[in-house]
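S.K.: Quick paste from Swiss-Prot:
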- C161, C164, C218, C221: Zn(2+) 1 binding site (BINDING)
- C178, C181, C204, C207: Zn(2+) 2 binding site (BINDING)
- 80-105: compositional bias 'Gly residues' (COMPBIAS)
- 121-133: compositional bias 'Low complexity' (COMPBIAS)
- 4-68: domain 'J' (DOMAIN)
- 76-135: region 'Disordered' (REGION)
- 161-168: repeat 'CXXCXGXG motif' (REPEAT)
- 178-185: repeat 'CXXCXGXG motif' (REPEAT)
- 204-211: repeat 'CXXCXGXG motif' (REPEAT)
- 218-225: repeat 'CXXCXGXG motif' (REPEAT)
- 148-230: zinc finger (ZN_FING)
Amino acid sequence: MSEDFYDVLGVSRNADGDDIKQAYRKKAAKYHPDVSDDPNAEEKFKKIKKAKEVLTDGEKRQMYDQLGHDRFQQAEKRGGVGGGGNSSGGSARGDPFGGMGGQGSPFGDIFEQFFGGGQGQRRQGNRPRQGQNLQTRVQLDLEEVYTGVEKQFTVRRPEKCPDCNGRGHPSDADVRTCPQCNGQGQTTTVRETALGRVQQTQTCPRCDGSGEMYTQTCSTCNGDGVTRQEATLSVDIPAGIRDGQTLRMEREGAPGDNGGPRGDLLIDVSVRDHPDFERDGDDLYYRLAISFPQAVFGSTVEVPTVNGETTLDISAGTQSGEEFRIRNEGIPHLRGRGTGDLYVQVQIVTPENLSQKQREALEAFAEAGGESVDVSQGFFEKIKSSF
């Protein structure tokens, strides 16, 4: 038997929408593939997302509770599970036993959804509906990623029309019954499935579920009920976030219908390239130029970090391309579980112009090592030609 969605999120069957969302955020933060060390993190994260998708959709959750986990998944594979009209993720799920004349049958809604009939066919278009999610992008510097930042940004989003208050028509416009759904707000279709012939309803596309049509439309919003306006918002971005990750601001998306809540705003994070550092996960890489004497005799050098400087001991006899590790000078791990490291790759710089004294000293050095030195090709030229 597959794992129950309530068990996946670790909530009770009586949990409301806020409890489910809180549990989802906690589980997602723990098992997100980008931050979790669990070898099965990706599979667990998929289960967590699926559980949240079902349990925060009023109609899907009711069907899940009535059918049970295995039968629900079978029905979903056959195409017998539709998306709920209320995706707000809240606990309000309408009348849980509607359409059975007040009898309180636990199977009222599900049989009305599949087979139609009864009071379940009455207009549902006026129910509160959550607004659409919107998407935007913010750009960060590496220094902001290192510290975390409260980022202010501007987004254009739909807002309720100020002239018609979101109605889409003047308050004195004449109203008539929608001819397509006859005022029901829904249209009905019949199709064949693995369960047999089923009857399903959907929101009327002509009146958008209201069951009514108006003789005039608002000239400001052209009947849409919304206008696009700029909004200035700020979001707290945690230290350690990576390029391509997405943040969610709840209830900052498009306005809902019929008093429903706003959708969410999804913020895609983009991190600018840094002129000095390259990032790999939470580790940073830096190329450090040193002189030949520093490489030969060793030296203590200053190395830049994202938030300042630190010192590095170059050991005697260091070779070009050798790498040194400075612990805890990388990027903080997301969710505050330590810090990455800074890797410093040494590049020995060959001087292009030597004084006569420098040349003689290096030639003597080379000869002392048993090399035959051609004056026309000094020691550094040999080094150059070896690369």
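From the backbone N, Cα and C atoms, a Cβ is placed for every residue, glycine too.
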S.K.: Tell me the Cα distance separating C181 (Zn(2+) 2 binding site) from C218 (Zn(2+) 1 binding site), rounded to the nearest angstrom.
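M.R.: If we compare the Cα positions of C218 (Zn(2+) 1 binding site) and C181 (Zn(2+) 2 binding site), the gap is 23 Å.
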S.K.: Same chain, outside the repeat 'CXXCXGXG motif' (218-225) by at least 6, Cβ under 8 Å from its Cβ: which residues?
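M.R.: Long-range Cβ neighbours of the repeat 'CXXCXGXG motif' (218-225): 160-164, 166-170.
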S.K.: Let me check the 10 A CB neighbour count of C161 (Zn(2+) 1 binding site). How many other CB atoms are there?
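M.R.: Total other Cβ atoms inside 10 Å, all chains included: 20.
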S.K.: Just counting, how many other CB atoms are there within 10 A of the CB of C204 (Zn(2+) 2 binding site)?
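M.R.: If we count other Cβ atoms within 10 Å of C204 (Zn(2+) 2 binding site), we arrive at 21.
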S.K.: Using DSSP, how many residues of the repeat 'CXXCXGXG motif' (161-168) fall into helix, strand and coil, respectively?
M.R.: 0 helix, 0 strand, 8 coil
S.K.: Return the residues near C164 (Zn(2+) 1 binding site), defined as same-chain residues 6+ apart in sequence whose C-beta is under 8 angstroms from its C-beta, sorted by sequence, else 'none'.
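M.R.: Long-range Cβ contacts: P170, S171, C218, T220, C221, G225.
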S.K.: List the same-chain residues at least 6 positions away in sequence whose Cβ sits under 8 Å from the Cβ of C181 (Zn(2+) 2 binding site), in sequence order, or say none.
M.R.: T187, C204, R206, C207, G211
S.K.: Sort the residues of the repeat 'CXXCXGXG motif' (204-211) into helix, strand and coil with DSSP and give the three counts.
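M.R.: Grouping H, G, I as helix and E, B as strand yields 0 helix, 0 strand, 8 coil.
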